[in-house]
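What TrEMBL says about this one:
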DOMAIN    B:95-284  domain 'ABC transmembrane type-1'
TRANSMEM  B:28-50  transmembrane segment
TRANSMEM  B:97-123  transmembrane segment
TRANSMEM  B:143-170  transmembrane segment
TRANSMEM  B:216-238  transmembrane segment
TRANSMEM  B:258-280  transmembrane segment
Amino acid sequence: MLQYLMQRIGLALLVCVAVSLLAFTLLNASGDVAISMAGEEASAAQIDAIREEMGLNRPVLVRYGEWLGNAVHGDFGNSLFFRQPVAELIADRLPRTLTLAVMSLAVMLLLSVPLGVLAALYPNSLIDRAALLIAVLGQAMPNFWFALVLIVIFSLTLGVMPPSGSATLKHYVLPAVALGYYSTPPMMRLIRQGMIEALSSDYIRTAKAKGIGTTKIVFKHALRNAVIPVVSLSAVQFGNMLGGSVVIEAVFGIHGLGFLAWESISRMDLPVVQAVLLIVAVFYIVIVLLADFINAWLDPRIRIQ
Amino acid sequence: MTSLNLALPQPGTVRRKGFIGRALANPVFLFGAVLLGLIVAMAALAPLLAPYNPLAQNMLTRTVSPFWMSDGNWAHPLGTDGLGRDYLSRIIYGARISLLIGVFTVICSGIIGTVMGVLAGYFGGKIDLVINFLIMTRLTLPVVMVALAVVALFGGSLIVVVLVLGLLLWDRFAVVMRSAVMQIRNQEYIQAAQSMGYSTPKLLFKELLPNIFDRLAVIATFEMAHAILLEASLSFLGLGVQPPTPSWGLMVAEGRQYLLFDSWLILIPGAAICVLVLAINMIGDGLRDALAPENRN
């Protein structure tokens with residue numbers, strides 16, 4: 001078990017380094033920040049002065065090393081636009097994105113688990129068809145558009161939900177539905193498939209033969225076995241929600257991490273963009289790693305392998 | 001012995017014939033294919049079909065309602081946008097953007113992912129380790145954010161959008177191709193080809209690729225839908241295809257300011273994206289069922 005843990009953590013660290021290197025070189029290799037910062041009417045001397053001040057005249061790898069070294073200590077430099085430490089900005093915005101992602105995950109599980117289980121229990125029934133329809137629509141609708149449709153229906157027509165902002169938890173309901181619905185179809189398919197396989201396995205037949213009730217079979221025996229891939233996929237989806245919330249945050253005006261990335265990208269505020277990319281990637285790695293550990297703990301077959 | 005061998009059909013050819021045949025027998029696939037065919041025809045014949053120039057502005061006819069509303073008329077069946085451009089014409093031309101992005105992104109990502117997956121699966125060992133690491137790294141990158149940043153740096157042209165999506169969306173190709181190749185590399189016909197002295201490239205192209213082609217087709221369809229949705233998102237955020245090009249995602253963004261009174265301005269282009277993605281996904285579902293009929297239930 002310990003060896004398994006160490007291997008996974010080592011690999012995760014390597015991936016972190018690779019991602020940070022990619023993000024840094026990508027953003028620095030192209031375009032010249034000094035020119036865009038100086039504005040259109042700057043002289044060559046002014047541009048050089050900015051380069052000098054920001055240390056942009058040194059090789060990319062040297063700057064990367066310095067940036068990563070500081071980043072490990074929680075120092076991501078200063079935002080060019082907000083004129084304040086990037087770490088402060090992120091600490092301020094992160095809770096909103098996390099709230100949105102957690103609620104979206106809840107929406108996804110609330111939709112996909114019951115529908116997936118029911119679809120597996122009654123294949124080709126009306127409920128199976130309905131679940132399929134929900135999945136097909138969820139995969140075809142662009143999430144920003146679905147979000148706007150939700151605003152039109154629930155905010156503008158019915159007036160029961162706020163159209164934008166993040167003041168209360170109620171403000172997160174529509175965004176969470178929009179973001180969570182989009183990741184529902186693969187999860188529902190996974191649960192349905194896992195349940196069908198579990199329900200047709202020998203130990204379930206034995207349980208049935210022993211006269212154990214259907215409810216107990218479904219929840220105690222079948223669902224438990226179907227849950228392992230669900231943990232993995234939930235982790236991946238949660239990580240994707242953190243990065244993919246950009247679009248939803250932009251629609252609902254939620255000033256979270258995604259919104260920060262979007263406005264900083266438009267303003268070429270590279271220190272912020274680099275930091276957000278790294279933070280989102282690290283979150284993804286940590287969450288997927290945690291899911292692996294949870295699964296290794298749930299299922300001894302994984303850790304012995 | 002020899003006569004028996006001759007009587008046996010060539011494994012590759014029969015399987016693929018059966019593959020397409022099975023797909024065509026599936027109503028879901030057929031419906032998707034017809035729908036996509038219509039959209040492709042619409043895009044190809046855009047200059048003939050569009051009643052107006054999609055870029056022509058007319059300040060006298062701004063936000064005219066579509067025909068089904070009481071104040072709509074048939075001069076502009078789907079109405080006009082905030083700059084008085086005919087919405088139907090923009091929708092027709094917009095299909096071109098989505099299809100181009102979808103097709104070229106999949107060509108790009110499909111080549112990258114297949115090469116990586118085949119190399120990892122066939123050679124295994126260290127190559128497999130490195131490629132696995134690349135896949136993990138790629139999965140860690142938030143696609144939308146990276147794509148936004150790259151488009152902001154290099155400018156929002158069709159080519160930049162295709163390249164950035166192509167360089168980001170190869171992961172599923174690599175994962176599936178890797179496991180597919182691992183499955184078949186130890187089969188007898190591959191070993192036979194090896195012992196006959198086939199060179200590695202010849203073996204990969206003539207023996208391996210034709211036998212994983214059907215799986216490639218399945219991922220290609222889903223990834224095409226994925227790319228089209230992503231382009232729409234990027235354009236919606238203002239960092240994809242740039243105005244005045246009629247991209248459906250951009251049209252939704254432009255319609256946002258009329259959300260309160262003219263919500264059809266966002267509903268129509270969004271519905272267009274839905275129909276296109278739905279058609280492609282139906283084709284993908286049909287192909288997937290044809291690939292593994294036993295997985296249907």
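In case you wondered, yes, glycine gets a Cβ from its N, Cα and C as well.
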Please work out which recorded stretch in B:28-50, B:143-170, B:216-238, B:258-280 has the most C-beta pairs separated by under 8 angstroms from the transmembrane segment (B:97-123)? B:143-170
Would the transmembrane segment (B:28-50) count as touching the transmembrane segment (B:143-170), i.e. at least 3 C-beta pairs under 8 angstroms with sequence separation of 6+? no
I need to check the long-range neighbours of the transmembrane segment (B:216-238): which residues 6 or more away from its ends have a CB within less than 8 Å of a CB in the stretch? 97-99, 101-103, 105-106, 109-110, 114, 143-144, 147-148, 151, 156, 161, 165, 169, 172-173, 176-177, 247-250, 252-253, 273, 276-277, 280-281, 283-284, 287-288, 291
